[in-house]
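Here's the structure, in structure tokens; my notes come after.
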Amino acid sequence: MGNNVVVLGTQWGDEGKGKIVDLLTERAKYVVRYQGGHNAGHTLVINGEKTVLHLIPSGILRENVISIIGNGVVLSPSALMKEMQELEDRGIPVRERLLLSEACPLILDYHVALDNAREKARGAKAIGTTGRGIGPAYEDKVARRGLRVGDLFDKATFAEKLKEVMEYHNFQLVNFYKVDAVDYQKVLDDVMAIADILTGMVVDVSDLLDQARKRGDFVMFEGAQGTLLDIDHGTYPYVTSSNTTAGGVATGSGLGPRYVDYVLGIIKAYSTRVGAGPFPTELFDETGEFLCKQGNEYGATTGRRRRTGWLDSVAIRRAVQINSLSGFCLTKLDVLDGLKEVKICVAYRMPDGREVTTTPLAADDWQGIEPIYETMPGWSESTFGVKDRSGLPAAALNYIKRIEELTGVPIDIISTGPDRTETMILRDPFDA
């Protein structure tokens, strides 16, 4: 039996993690975000009602679940308050269900200004960030000048620290990027207005998780973005600024690494990517348009159209290695309904003609890579909403089996629609 279960993306994000976390938290006592910020976009559909969460863990809709934002998350006070208000307007008592680590770095207005100024300065070489200040906030954390939630307990000292760090960043904004400075007093006033709300939710997360482990409570760790966007293991520099892999759980929450019991990798039945960066199986034809339209592939956070392509088992195998995956959840299988044939990338052909079955690390090394495909028959029958494996077409079952063979990991959950009920749980992670 696994008490501590990690749910993370195995591709470039947007795999459908939010729905699965929401589904599995029916048995959990706690749900923990351990990295990223409000650049995530987790969409839940419950009884036909759609909820998009960016910062608050997906377990917040569950009455008996406590949601926790761990120290690995960069926290925007304004984004958090906006999301809390939207949920409270729907009658969800967020403040009774949400806890924060005092070590969460804060994202403030100058981080957003820096993020956007840098992307503009990069021009054609822009990374494609969400423009929400995530990267600059992590930079401040590593440079040891960042402000954290815990700093808000001493408001006078916070004001002094804020002034010092803003002088540093405003100098850069004005003199290097040639944009307006960010107003110190406005930033201070905005944060002070909600400081007591934030500090009122602070808890020692590491100790809480250790006590939960000793009691045998079920805990879900919710990843954001995807493995191939990891700052170390992704397609650098076209990556996010945090560790999106299973290793980020320990550093981003304070859970001891030996206590992770099961790692569930969410894998979309095809591939998507938002923003710039390598994407060997990207499709520019009518099939790519079909996947985008049928899958409604537009970012929950930015609204940007996602790039689409065939499933890449080479990249997925890298995710298996890095995360020591216990099992997969296959999502959006129904999007492939109606295609005469489906393809899976099984290897890459390098510019010099070599065939390889592992991914490069640096983005430049991906240039000129050609995907080598295995083609399989598609299916005309609908898989949408199917809740039993026996109800799936034979061709769809063969597709599932081939993914398992190529990756060496069992598919324990199959999602056939956006609602939490449109799911087959073949093996429950908490029982594995």
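Cβ from N, Cα, C; glycine included.
Worth saying up front: this structure is predicted, and the values here are computed from it rather than measured.
As given in Swiss-Prot:
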{"type": "BINDING", "residues": "13-19, 41-43, Arg306, 332-334, 415-417", "note": "GTP binding site"}
{"type": "BINDING", "residues": "Asp14, Gly41", "note": "Mg(2+) binding site"}
{"type": "BINDING", "residues": "Asp14, Glu15, Gly16, Lys17, Asn39, Ala40, Gly41, His42, Thr130, Arg144, Gln225, Thr240, Arg304", "note": "IMP binding site"}
{"type": "ACT_SITE", "residues": "Asp14", "note": "active site, proton acceptor"}
{"type": "ACT_SITE", "residues": "His42", "note": "active site, proton donor"}
{"type": "BINDING", "residues": "Ala300, Thr301, Thr302, Gly303, Arg304, Arg305, Arg306", "note": "substrate binding site"}
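Checked against Gly13 (GTP binding site), the binding-site residues Thr130, Gly303, Arg305, Arg306 differ in C-alpha distance, with Arg306 being the nearest. Taking each of the binding-site residues Gly16, Gly303 in turn and counting other Cβ atoms within 10 Å of its Cβ gives the largest count for Gly16. Asn39 (IMP binding site) has its Cα within 10 Å of the Cα of these binding-site residues: Thr302, taken from Gly16, Thr302, Arg306. Least crowded of the binding-site residues (Asn39, Thr43, Thr130, Gln225, Thr416), judged by neighbouring Cβ atoms within 10 Å of its own Cβ: Thr43.
Taking the C-alpha positions, the distance from Gly16 (GTP binding site) to His42 (active site, proton donor) comes to 7 Å. All protein chains shown were included, and the count of other CB atoms within 10 Å of the CB of Arg306 (substrate binding site) stands at 21. Distance noted between the C-alpha atoms of the residue listed as 'active site, proton donor' and Lys19 (GTP binding site) is 7 Å. Listed in sequence order, Ala269, Thr383, Leu392, Ala396, Tyr399, Ile400, Ile414, Ser415, Thr416 are the same-chain residues six or more apart from Leu333 (GTP binding site) with CB atoms under 8 A from its CB.
Put simply, Gln225 (IMP binding site) is 8 Å from Gly41 (Mg(2+) binding site) when counted between their Cα atoms.
Around Thr302 (substrate binding site), a 10 Å sphere centred on its CB holds 17 further CB atoms from the protein chains shown. On the backbone, the CA of Thr302 (substrate binding site) and the CA of Thr43 (GTP binding site) stand 13 Å apart. Comparing C-alpha positions, Lys19 (GTP binding site) sits nearest to Gln225 among the binding-site residues Thr130, Gln225, Arg304, Arg305.
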